[in-house]
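Peer 1: Below are the features I grabbed from TrEMBL:
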DOMAIN    51-486  domain 'Major facilitator superfamily (MFS) profile'
REGION    507-530  region 'Disordered'
TRANSMEM  49-70  transmembrane segment
TRANSMEM  90-109  transmembrane segment
TRANSMEM  116-134  transmembrane segment
TRANSMEM  146-166  transmembrane segment
TRANSMEM  178-200  transmembrane segment
TRANSMEM  212-233  transmembrane segment
TRANSMEM  334-355  transmembrane segment
TRANSMEM  367-386  transmembrane segment
TRANSMEM  392-414  transmembrane segment
TRANSMEM  426-445  transmembrane segment
TRANSMEM  465-485  transmembrane segment
Amino acid sequence: RGSSPPPIRNLTIQDAVSRGRASLHVMALVDTSHVETQIEELGCGKYQVLLLSTVGITFFIESLEMGAISPLHTALGHAYSLTRGQRVELAAFTYIGSMGGMFIAGPLADCFGRRRALLLALVLLCLTSCLHAVLPDGAPPWCLFFLRVVSGVGSAIVVPSGYTLAAESTPETMRLHMVFGTSFLGTLGYLLEALAIHWFMPHFGEEDSDHWRGLCLFIGLPALVALPLVWLVSESPGFLATNARWDECSRTLKTIAAWNRAPQSRRMEASWLRNTSSLKGCDTSRWPSFTSIGMHYLPVMLVLGLMEACKSFFTSGSAYLCKDLFELMRDRQAISPTMLNVIASIAPLLGLLVGERFLWAGVRAQMLSWSIVAALSLLVLTFDRVRNSRWLVLAMVVLYKTAFGPMGMSLAMIKMQAFPTEFRTSAFAIISVAGRLLCALGPMLLEGLKPQEDAQSWSSGNLEVYMATLAAAAAAAGLLVFPIPRACSNLPRLRSLSNVNLQSCGGDEEPSHIPSSPGYGSISRKVLKL
């Protein structure tokens with residue numbers, strides 16, 4: 001060990017690698033810290049407003065598509081005379097496509113860019129919705145299944161790509177508000193979808209008079225309008241830096257500075273050019289480090305995957321059930337079931353507004369609290385006396401749908417904070433695959449428990465068992481916040497790998513600034529050992 005060797009930053013990258021001090025991957029991660037610093041200095045301004053609007057609109061379109069699944073499947077089953085097994089397969093193929101989309105969303109966004117992934121998702125959603133609208137009356141079932149698979153793929157790509165693009169182009173102090181804003185705009189899609197169903201399909205697709213083709217066009221055209229907006233925003237600077245696309249990253253930072261009217265610091269720009277010049281033209285293969293980091297994140301990914309699965313089963317199954325609960329009371333109320341559905345669709349927005357006021361309590365506390373609220377409201381609905389009162393049914397549906405927004409926002413923020421830039425979208429997508437799996441199980445179970453597509457075919461026992469299962473899933477999603485700190489101990493937190501300062505590292509020594517105490521977000525010595 002003898003005398004202290006020169007700092008790594010004074011070496012060429014080839015020398016650093018040849019001496020065993022650092023890998024190309026780690027050197028690239030070091031230089032992304034300059035990107036993070038510049039984003040902090042540029043602050044939050046008009047560019048973040050543009051980004052919020054763009055990502056929020058894509059979430060809005062995804063909500064339109066996913067929110068219309070239940071009545072659209074009912075309408076397709078009625079229009080094409082699908083059997084009970086084919087109706088189950090229709091729901092299954094939609095979520096199989098969604099799971100497939102999640103499998104490719106991470107590598108797609110991490111290899112080709114977050115913005116390109118969003119563009120592809122919008123193209124798929126626009127094409128499938130418009131093709132649904134012009135599908136001939138005698139189309140075979142496999143055409144329906146194929147369109148539902150592609151629609152599921154497009155919807156799945158939107159969420160991880162949109163969240164990472166928004167977070168990585170926003171200062172750290174504003175990321176939680178960015179996630180809240182995009183979630184709020186996305187939730188507006190469920191409200192507009194409920195209004196569209198009231199206009200186009202007042203009988204939830206169970207009658208010939210319902211215009212389900214018009215609903216499909218209503219979903220597809222906004223995706224076409226959103227394409228220029230997504231093209232207008234720039235790629236994530238962190239993604240460009242991690243992939244050694246320095247010129248594009250510099251242009252993106254200048255674009256953000258121009259929009260925010262906050263010129264880049266000359267000191268930071270000079271530091272940026274000095275520290276990235278040696279990386280240009282080098283091999284940036286990072287698969288070994290990528291897989292190594294992924295293995296160290298495996299415990300937290302398993303816990304978050306299980307939480308995502310329980311939350312998705314609850315939200316998809318209960319949302320799919322809403323139309324049946326309201327349709328069962330059609331003859332006992334003056335307000336139409338579709339209008340009750342519109343009223344209930346306001347609940348997730350209210351939940352997000354309430355959740356935003358309690359951000360100080362922490363996302364884990366909110367996840368637990370709202371899951372308990374959702375579970376209790378579903379358990380109350382298992383009683384016949386409650387279901388005989390239209391106002392009590394509406395109150396309980398509003399109560400559990402209020403939890404949709406805060407639970408989704410809290411879980412998204414936990415996933416965003418848990419992983420570094422180069423692994424974030426892939427980890428987000430891998431976790432969401434488990435969610436999509438049980439997301440498909442909810443509607444499939446519902447279609448399997450009732451003999452026909454109409455709500456009147458429900459038996460009281462099957463309905464109560466189904467709602468109790470949903471309540472158990474909601475409670476489990478909240479209770480899983482307890483093992484998260486223990487599962488995340490000794491794991492790198494957000495940007496920890498991007499902010500490593502190798503200037504003080506020499507030879508085989510470990511970075512001296514790494515905290516030694518374990519806990520959620522602490523940096524793993526094993527991961528960062530050079």
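Residue numbering: from 1, along the chain as shown.
Any Cβ shown, glycine's included, is placed from N, Cα and C.
Quick caveat, the model's predicted, so the values are computed rather than measured.
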Peer 1: What average pLDDT is reported by the model for the domain 'Major facilitator superfamily (MFS) profile' (51-486)?
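Peer 2: Overall, the domain 'Major facilitator superfamily (MFS) profile' (51-486) comes to a mean pLDDT of 81.
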Peer 1: Which bits of the chain, at least 6 residues beyond where the transmembrane segment (90-109) starts or stops, bring a Cβ under 8 A of a Cβ in it?
Peer 2: 69, 73, 76-77, 82, 116-117, 120-121, 144-145, 148-157, 159-161, 164, 239, 425-430, 432-433, 436-437, 439-440, 443-444, 447
Peer 1: What stretch of 49-70, 146-166, 367-386, 426-445, 465-485 shows the most Cβ pairs under 8 Å to the transmembrane segment (212-233)?
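Peer 2: Against the transmembrane segment (212-233), the leading stretch is 49-70.
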Peer 1: Taking the transmembrane segment (392-414) as reference, which of 178-200, 334-355, 426-445, 465-485 has the most Cβ pairs under 8 angstroms?
Peer 2: 334-355
Peer 1: Can you see whether the transmembrane segment (465-485) and the transmembrane segment (178-200) are touching - at least 3 CB pairs under 8 angstroms, only pairs 6 or more apart in sequence?
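Peer 2: Contact between the transmembrane segment (465-485) and the transmembrane segment (178-200): absent.
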Peer 1: Three or more CB pairs closer than 8 Å, sequence separation of 6 or more: does that hold for the transmembrane segment (146-166) against the transmembrane segment (49-70)?
Peer 2: yes
Peer 1: Give the nonlocal contacts of the transmembrane segment (116-134) in its own chain as ranges (CB under 8 Å, at least six residues past its ends).
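Peer 2: Residues 55, 58, 61-62, 65, 72, 101, 105, 108-109, 147, 150-151, 153-155, 157-158, 161-162, 165, 213-214, 216-217, 219-221, 223-224, 226-227, 230-231.
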